[in-house]
Amino acid sequence: MPRSTHHPLHNLWRTRSYMRPYAALYVWMILAGVVTTALGVALPLIVQRVVDGPVLHGDDRGLFLLGALALALGLVEALLIFIRRWVQANSALRMETSMRDDLYRHLQSLSVSFHDGWQSGQLLSRATTDLAIIRRFLSFGLIFLVLNTATAITVVALLFDLYWPLALVVAASAGPLFWFSQQFTRRYNAAARLMQDQQGDLATVAEESAGGIRLIKAFGRREHMAEKFTRYARDLHDTAVGKALMVSRTWAKFDAVPNVTLAVVLVGGALAVARDRMTVGELVAFVSLQLMLIWPIDALGYIIANAQEAMTAADRFYEVVDTDPAITDRPGAAVLERGDVGGEVRFDNVRFAYPDAPAEVLRGVDLVVRPGETLAIAGVTGAGKSTLVSLVPRLIDADHGRVLLDGRDVRDVTLESLRTVVAVAFEEPILFSMSVRENLTLGRPDATDAEIDEAIDVVQADFVRTLPWGLDTRVGEQGLSLSGGQRQRLALARAVLTRPKVLVLDDPLSALDVHTEALVERALTRVLTGTTAIIVVHRPSTVALADRVAFLSDGVIAGVGTHSELLATNPSYAAVLSAAADDAGELAGEGAR
Ligand SMILES: Nc1ncnc2c1ncn2[C@@H]1O[C@H](COP(=O)(O)OP(=O)(O)OP(=O)(O)O)[C@@H](O)[C@H]1O
């Protein structure tokens with residue numbers, strides 16, 4: 001997958017658009033953080049006053065007052081920290097949700113070819129792990145960065161005010177810290193990116209195994225799949241261990257710096273007190289303030305790591321979100337009115353190649369499907385039949401040439417209106433995890449029960465009436481499992497129910513037995529009156545539905561005519577259909593109308 005050539009921070013910076021609604025909250029959070037820091041910094045200064053004043057001079061009342069002040073400041077600080085963190089987490093979770101929404105909506109708008117070319121696990125990991133990483137950065141990483149920098153600057157300024165020679169030692173420790181962080185950033189970036197990709201790969205393997213469990217069991221491949229999973233999991237584990245080691249080493253280095261500095265400060269401070277250059281209270285305050293630097297320095301490692309991961313996660317998020325939907329409404333696209341559609345479909349010198357494919361699938365297809373006609377598309381497997389029919393509802397767009405509906409380029413009408421007049425049923429029918437009724441009325445939510453009943457009759461799907469809750473039975477992945485033929489019939493009923501002007505059927509009866517297929521065909525012939533139907537066929541029995549057949553070969557239409565005409569005139573067609581017929585033992589007696 002090509003990576004962005006922008007500055008590494010480019011995409012992470014773009015996520016600020018999701019922060020915009022919370023800009024005021026962020027200002028408040030930072031203000032609350034600054035107050036918290038100020039309160040935290042005030043404590044060592046109070047300690048200094050306590051030691052140099054009441055402690056050394058036996059002033060009990062002053063000691064009590066300073067103690068009460070320290071307690072109050074401590075409590076206010078704790079309360080502010082609670083409020084800030086809660087607000088931080090809350091707003092960041094909202095940002096994550098809206099990013100996830102955008103990702104999902106954009107995915108829905110992307111072309112079928114995009115989805116075909118992407119591993120589902122990679123998409124899944126972007127929607128889950130990556131967005132959680134970005135959320136952590138936008139909530140904690142970013143605020144930590146601002147507050148810790150503010151704390152460090154304030155503390156160092158106060159240290160200079162207390163005793164500058166020792167403050168210089170503390171300031172100088174920024175040098176090694178900067179160097180370590182540079183090294184860390186470089187190495188961590190590669191590991192973080194690799195790990196995020198590996199998480200996506202692992203998710204894909206897990207999902208494939210779940211989806212293909214029957215196949216795995218049937219072919220006795222459980223061990224093989226388990227080994228594959230372990231291999232991917234081990235790669236991820238190795239990267240994670242390497243990353244953890246890198247983080248631990250860096251953490252140790254980051255920790256060592258303030259500790260070494262502290263030792264120098266203790267010795268130097270004691271000498272300064274002995275030589276009356278510092279009071280005891282000032283030394284105590286100096287050390288207490290310096291201890292306050294340990295957390296920001298420690299957090300630096302976390303922030304760099306988190307920022308690195310967030311940069312990668314943002315790159316991965318925008319990699320999808322920036323992908324051009326390719327198939328969208330053209331400017332000025334017209335709304336197709338159902339009543340105006342006659343139903344002539346014309347392919348005009350259509351050429352098409354799949355991205356990254358070595359050759360064109362369609363190489364100049366010219367074909368006219370007359371209004372109300374039922375036209376079958378035949379051809380050897382892989383000839384491009386599904387590709388050709390996918391152009392009509394614009395699941396893909398032609399690279400060259402045009403697909404015309406009643407003389408109008410399908411790209412000149414809105415997708416929504418096009419898809420209300422063109423319905424599709426595929427060979428591999430998908431039923432969503434919802435009721436049979438909802439699945440059937442996907443394209444016509446307003447269909448009446450009588451219309452649903454009629455569609456069920458057409459596709460011979462009586463079985464739905466015997467399901468436990470009839471039409472309200474939940475099917476799909478989270479519901480009742482149906483057979484391939486049952487699912488095909490429901491998918492066909494779904495298409496029929498939209499009362500389309502153009503019906504595209506991509507071998508929709510392949511899973512039915514010959515007897516049921518014949519019943520469905522007979523009923524379909526009735527409802528197809530007045531509907532232009534383009535049907536991808538593999539079996540001669542399905543050809544019986546068609547008025548004419550177009551034979552697709554070598555990316556062009558090699559012949560159009562009735563089944564008998566093509567059988568008589570086109571030996572290749574005869575060979576393809578006879579082979580299929582021999583397989584099914586069913587050519588005899590079949591003939592197109
Ligand atoms: N999403 C895709 N990306 C790349 N190549 C594809 C894609 N879909 C199909 N192809 C290729 O395009 C060619 C035509 O495929 P298509 O599915 O249109 O053929 P078909 O005639 O419908 O085949 P079948 O009869 O087996 O269903 C095949 O070589 C196939 O491998």
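A Cβ is built for glycine as well, from the same backbone N, Cα and C atoms used for every other residue.
Residues or ranges marked as domain 'ABC transmembrane type-1' in TrEMBL: 27-309.
The domain 'ABC transporter' annotation in TrEMBL covers 345-579.
Here TrEMBL flags 21-43 (among others) as transmembrane segment.
The transmembrane segment annotation in TrEMBL covers 63-83 (among others).
Here TrEMBL flags 137-156 (among others) as transmembrane segment. Listed by sequence, the residues of this chain that lie at least six past the ends of the transmembrane segment (137-156) yet keep a Cβ under 8 A from its Cβ atoms are 12, 15, 18-19, 26, 29-30, 33-34, 36-38, 40-41, 84, 88-89, 91-93, 95, 167, 170-171, 289-290, 292-293, 295-297, 299-300, 302-303, 306-307, 309-310.
According to TrEMBL, the feature transmembrane segment maps to 162-180 (among others).
Look at TrEMBL and you will find 256-274 (among others) tagged as transmembrane segment. Non-local neighbours of the transmembrane segment (256-274) in the same chain are 163, 165-166, 169-170, 173, 176-177, 180, 280, 283, 286-287, 290-291, 293-294, 297; each lies 6+ residues outside the stretch with a CB under 8 Å from one of its CB atoms.
The transmembrane segment annotation in TrEMBL covers 286-305 (among others).
Looking only at the domain 'ABC transporter' (345-579), the predicted model's pLDDT averages out at 87.
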